[in-house]
């Protein structure tokens, strides 16, 4: 069901702002959006959320093994190679769900978290996608209702990212969003530069490397990751850093954002800046019962085009008063696979495994016989020592200098939940 994507990728990436594709939802666009949502889901599946681990806030896997270990490659025609990890820090106090801090005194990262990755389509992926696609996938947060209550989201001038000539037009962005994107820590061995600098530096390298090919840059993320996707994409286009020179002529690389469950980011001036940027196309996917896209409530403006889904219509899901469920990315992707049009009908149009819904939730109806929160490391990361005792010491077992590692070899996915040794 991907035959049309290589020929239609420009339209699917928003060249015409998705006019005529959203209601009813175009079949190719449905698969296309799910693909980028799954690339964002990799960030959740690879992230160490356990604050009892001294490696909390890190990624379990190396770049070479990330896509295979998270199961992304199985039966997936879209192939990518991960080229860089993104790390972020914070200089202000943020909710724990933003920057996860280990409770261990021996923690490897006190203020630094793994925030996502950059990947480029392989030759095989290029054939299936119609061009050399560069993806910036940002990791999100699991507990939006915690930060909605605990974080007051003051607006802050974003002149450092979007300088304007008239102070009255100065865009303002939520201070938490801006801090995660622009803060740096010179003491960190992982992100002495800011997430902003890391992303722009790697994209500059990749654009130069593939400048003689047809290229696109696609940003994707969920929740906090959706915010970072919009912010980093707008920053790139605003600074004209998506321009490449070919034979003394400038060429603009198209930029697309697929933002799942994104909170609001900035004020009306920020919206005006984003709306003026070309070629920048933003599609926000919003689940009707999810409250996160409506926060913060005051002084913030919504941006981009909107595709609404409603997972309350799914016949596979339990009815729940737990609003956290409706924000979950796997719930979003389930909704994308089955949504029809505005008449409220729900029918799975793509054979996306419904068991993925229960990966981190208890949301599927019991009749489907899928255990709740089934995805976890073997023994929850507890490793047995030589003396017979057990210790929580989960970290990456595969290293980036492992020349035999191949992220396009999906044979290793059967071992993706094995213990992660530290050596």
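Just so you know, glycine gets a Cβ as well, placed from its N, Cα and C.
Quick look at what Swiss-Prot annotates:
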ACT_SITE  223  active site, charge relay system
ACT_SITE  223  active site, acyl-ester intermediate
ACT_SITE  290  active site, charge relay system
ACT_SITE  327  active site, charge relay system
COILED    194-217  coiled coil
COMPBIAS  401-410  compositional bias 'Acidic residues'
COMPBIAS  411-423  compositional bias 'Polar residues'
REGION    399-423  region 'Disordered'
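Here the features listed in Swiss-Prot are painted onto the structure.
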{"residue": "223", "record": "active site, charge relay system", "DSSP (3 states)": "coil"}
{"residue": "290", "record": "active site, charge relay system", "DSSP (3 states)": "coil"}
{"residue": "327", "record": "active site, charge relay system", "DSSP (3 states)": "helix"}
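The most densely surrounded of the active-site residues 223, 290 is 223 (count of other Cβ atoms within 10 A of its Cβ). Here the C-alpha separation of residue 327 (active site, charge relay system) and residue 290 (active site, charge relay system) works out to 5 Å. In this structure, the CA atom of residue 223 (active site, charge relay system) is 11 Å away from the CA atom of residue 290 (active site, charge relay system). Summarising the environment of residue 327 (active site, charge relay system), the number of other Cβ atoms within 10 Å of its Cβ, over all protein chains shown, is 25.
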